[in-house]
């Protein structure tokens with residue numbers, strides 16, 4: 001099913017995203033988990049990353065703001081194998097103008113087998129799991145998909 005990625009064990013990169021009404025929750029979660037996160041490359045969308053860096057001291061590689069393409073940039077990092085874990089505190093009570101981007105991001109995380117959390121409880125399970133230190137990404141093998149016969153060609 002998958003190819004194991006040849007690299008050291010453990011989560012080495014985390015992407016952090018939060019909608020406006022969830023930014024305070026994510027910042028609190030990052031403060032609580034800063035020791036582990038400081039051992040990782042941390043990516044974040046623009047405003048979220050700025051606030052995390054200012055309020056927690058965690059070093060963040062910032063993408064654009066989510067609605068300006070940041071969700072898509074994180075998705076690209078996922079497809080390139082540069083993100084091991086996605087923490088995305090999204091607001092289920094607010095419609096977002098960039099909902100298609102959000103759906104695409106979550107689709108890529110699922111497609112590329114990237115563990116994901118949408119709230120602090122699930123995020124806690126992921127970072128406190130023994131697998132956090134032992135994690136080896138397993139990327140799906142899409143060879144059969146890429147070599148399939150396409151009708152009309």
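Glycine is treated like the rest: Cβ placed from N, Cα and C.
What Swiss-Prot says about this protein:
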ACT_SITE  71  active site, proton donor/acceptor
BINDING   19, 23, 45, 46, 47, 48, 65, 66, 98  substrate binding site
DOMAIN    3-153  domain 'MGS-like'
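Every protein chain considered, the tally of other Cβ atoms within 10 Å of the Cβ of residue 19 (substrate binding site) stands at 20. Residue 47 (substrate binding site) sits 12 Å from residue 71 (active site, proton donor/acceptor), taking the C-alpha atoms as the reference points. Under 8 Å, Cβ to Cβ, and six or more positions away along its own chain, the residue listed as 'active site, proton donor/acceptor' finds 17, 45, 98, 101, 102, 104, 105. Within 10 Å of the C-beta of residue 45 (substrate binding site) we count 28 further C-beta atoms, all protein chains included. Of all the binding-site residues given, namely 47, 65, the one with the smallest number of surrounding CB atoms inside 10 A is 65.
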